[in-house]
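As recorded in Swiss-Prot, the features of this protein are as follows:
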- Thr51, Val52, Gly53, Gly54, Thr55, Gly56, Lys57, Thr58: ATP binding site (BINDING)
Amino acid sequence: MEGNLIKINKWLYPVSWIYGTGVWLRNKLFDWGIYKERKFDIPVISVGNITVGGTGKTPHTEYLIRLLQKDYKVAVLSRGYKRKSKGFVLARPDTSVQMIGDEPFQMKQKFPDIHMAVDRDRCHGIEQLCNSHIAPGTEVIILDDAFQHRYVKPGINILLVDYHRLICEDTLLPAGRMREPENGKSRAHIVIVTKCPKDITPMDLRVLSKQMELYPYQQLYFTTLTYGKLHPLFTAGNAVSLKEIEKDKHILLVTGIASPAKLIQDLSPYNEHIESLAFSDHHDFTARDMELIKKRFMKLPEGKRMIITTEKDSVRLAAHPLMDEMLKPYIYMLPIEVAFLQDQQELFNSNITDYVRKNSRNSNFS
């Protein structure tokens, strides 16, 4: 198996112990019933993690949307991280990325028929989505990044674990990157190890299964990332596959994601001239950032250069008022999807659709 990317600062263990005590107490207050969890009379599926950084929540949420939207009216509820608005917001055709955040905006653009809403208070958000006057016809709700939001008790709780940062090898913040102890995984009905190498062996998967130490009631799946064709962000040109990129093309990879190293690693086999310009996750591009992007691009060989960015970053770049017109023809967006390994897709799909079918009823809440 590949080496992991985990770096633990042992000097911060005392602070992690204090932090862990607070997290333990909070979870116990829910376990003891002092803090109340609400169960809603509508299928609710939660997707989330117990670590900071990217585990692939958005592509897995989008997978669920694709799976369910052909038979059900799907609503997705997110916190709307770094949005400029407050409270409950239901996305409309003219809703901006600033109002709901980059990932919700991305999902609404890709799936215009879903109800896409943001609300920090997930219980309130679900109530609004169950209101036929606000979000007509809602039949199933997907909670994006809600594994630790325990005020809602979902029917299916999906925990995502990054293959490169296994929770069994990590530790609590700030020494590590875990937001709660590993035993928090016990709340999950389904655990998915994400970002697995495409060529991972059956033996490695068996080792991983043992390392995860799941309970008998839990299901374990493995997924990998797949990349679609590059789409021009501002022009009407044709999409281009990664294999079609000329070998002498020089690429400026502009990202504002949690783990750009994995993306660089995945793109390297297609081109050896990749320069990375990495910003923080959900980065709000400033005027200085836009100038830096242009400056770095102009240093690449003329006639042999392009800019590649992620879907999540593309929605912020496309809406940026200071985007240089000269750069627009050279910017391409790289879509990402997930694929299940070991022929697990059919089993996963049936488990999700069976749950939704058996629990579909009037969307009242209690």
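Positions of Cβ are set from backbone N, Cα and C atoms, glycine also.
Feature map: annotations from Swiss-Prot on the structure.
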| residue | record | Cβ within 10 Å |
| --- | --- | --- |
| Thr51 | ATP binding site | 21 |
| Val52 | ATP binding site | 15 |
| Gly53 | ATP binding site | 14 |
| Gly54 | ATP binding site | 22 |
| Thr55 | ATP binding site | 27 |
| Gly56 | ATP binding site | 25 |
| Lys57 | ATP binding site | 20 |
| Thr58 | ATP binding site | 23 |
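Other than the site residues Thr51, Val52, Gly53, Gly54, Thr55, Gly56, Lys57, Thr58, same-chain residues with C-beta atoms no more than 8 angstroms from the centre of those residues' C-beta atoms, the ATP site, are Asn49, Leu160, Asp162, Thr194, Ala258, Ser259. Look at Thr51 (ATP binding site): DSSP puts it in a strand. DSSP assigns Thr58 (ATP binding site) to a helix in the three-state reduction.
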